[in-house]
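Student: What follows is a single structure, and I will ask about it in a moment.
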Amino acid sequence: MLVRAPATSANLGPGFDTLGLALSLYDDVEVEVTGGGLSIEVDGEGAEVASRGEKHLIVEVLYRAFDLLDELAGSGLGRPPGLRLRCRNRIPHSRGLGSSSAAIVAALVAARALHPGGKLLDDDAVLRIATEIEGHPDNVAPCIAGGLTIAWTGPSGPRLVRLESKFTQVVAFVPEQRLATERARGLLPKTVPHADAAANSGRAALLIAALTGGLDRDVLLDATEDRLHQDYRAPAMPGSAALVRRLRAEGVPAVVSGAGPTVLAFTTASQVDSMSPEVGNGWLKHPLDVATRGARVVTGRAESRS
């Protein structure tokens with residue numbers, strides 16, 4: 001059984017911890033229940049450091065989901081006697097593209113498909129569990145629903161709204177540098193000026209209108225301005241901050257993707273190529289579409305990394 005989960009970009013500039021976008025870069029996870037033991041094969045991003053045992057994130061989430069489904073269904077089946085995993089990782093790790101969210105959501109979707117009581121784990125439950133594990137819903141929401149999402153946490157837990165983005169193409173500039181989300185969050189102040197909060201509120205509202213209404217790129221350029229997180233995190237990723245400034249100076253709506261250091265530009269590869277040759281030089285450029293579907297079971301087998 002094969003699950004495909006998309007990369008995601010959170011924040012999108014002013015939508016800190018709220019907005020997310022699913023992208024057409026995918027991790028494949030093939031899960032097979034066996035008679036005993038645990039076998040894990042990992043290829044691609046992060047293969048050199050990934051656990052091959054029960055500490056692998058996907059295994060941990062699978063076991064958690066099986067335990068919950070057993071409790072909900074009252075089946076008493078317990079965990080599978082054995083598992084065989086094949087992971088084909090294309091989403092760069094620790095780059096702000098939601099690799100951990102993809103792993104978490106893929107595991108929950110796999111558990112739902114494998115367990116007889118899987119229907120009890122609806123998308124709301126997947127969002128809740130994934131948010132508990134990840135700590136915030138901005139990446140897991142688009143990984144579950146696809147497209148553009150607004151996520152928030154209310155009295156009943158995390159929730160999401162899915163929207164259609166009229167801007168369907170982006171370019172992700174991925175550096176060699178990694179940046180742990182915990183370190184990036186540690187750079188944020190405990191309070192911000194009221195004027196900055198007000199500015200971000202207006203820009204986030206404008207960004208939703210620009211993306212869903214297909215407004216002009218100059219409006220999107222204004223809409224992607226941020227005062228809450230990118231400048232505070234710039235010392236940890238000066239190259240990313242410089243690239244965002246350079247792209248925006250060229251009229252390209254560009255932001256730090258998630259906690260960084262990847263830079264996301266709302267443009268096409270051909271437009272990037274038409275700029276000065278040094279723009280994005282030394283960065284891996286991924287021309288991507290907005291993924292309209294979230295993590296799902298697909299037919300076939302996990303493909304080698306491409």
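A Cβ is built for glycine as well, from the same backbone N, Cα and C atoms used for every other residue.
Automatic, uncurated: that is what TrEMBL annotation is.
Under the heading ATP binding site, TrEMBL lists Pro92, His93, Ser94, Arg95, Gly96, Leu97, Gly98, Ser99, Ser100, Ser101, Ala102. Under the heading domain 'GHMP kinase N-terminal', TrEMBL lists 62-147. Summarising the annotation, TrEMBL assigns domain 'GHMP kinase C-terminal' to 226-274.
Relative to the rest of the structure, where do these features sit?
Tutor: Contacts of Ser100 (ATP binding site) defined by a Cβ separation under 8 A and a same-chain sequence distance of 6+ are given as Leu57, Glu134, Asn139, in order along the sequence.
Broken down by DSSP into helix, strand and coil, the domain 'GHMP kinase N-terminal' (62-147) contains 49 helix, 8 strand, 29 coil.
Along the domain 'GHMP kinase C-terminal' (226-274), the predicted structure has mean pLDDT 94.
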Student: How does the domain 'GHMP kinase C-terminal' (226-274) divide up by DSSP, counting helix, then strand, then coil residues?
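Tutor: Taking the domain 'GHMP kinase C-terminal' (226-274) as a whole: 24 helix, 6 strand, 19 coil.
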Student: Looking at the binding-site residues Pro92, Gly96, Gly98, which one has the fewest other Cβ atoms within 10 Å of its own Cβ?
Tutor: Pro92
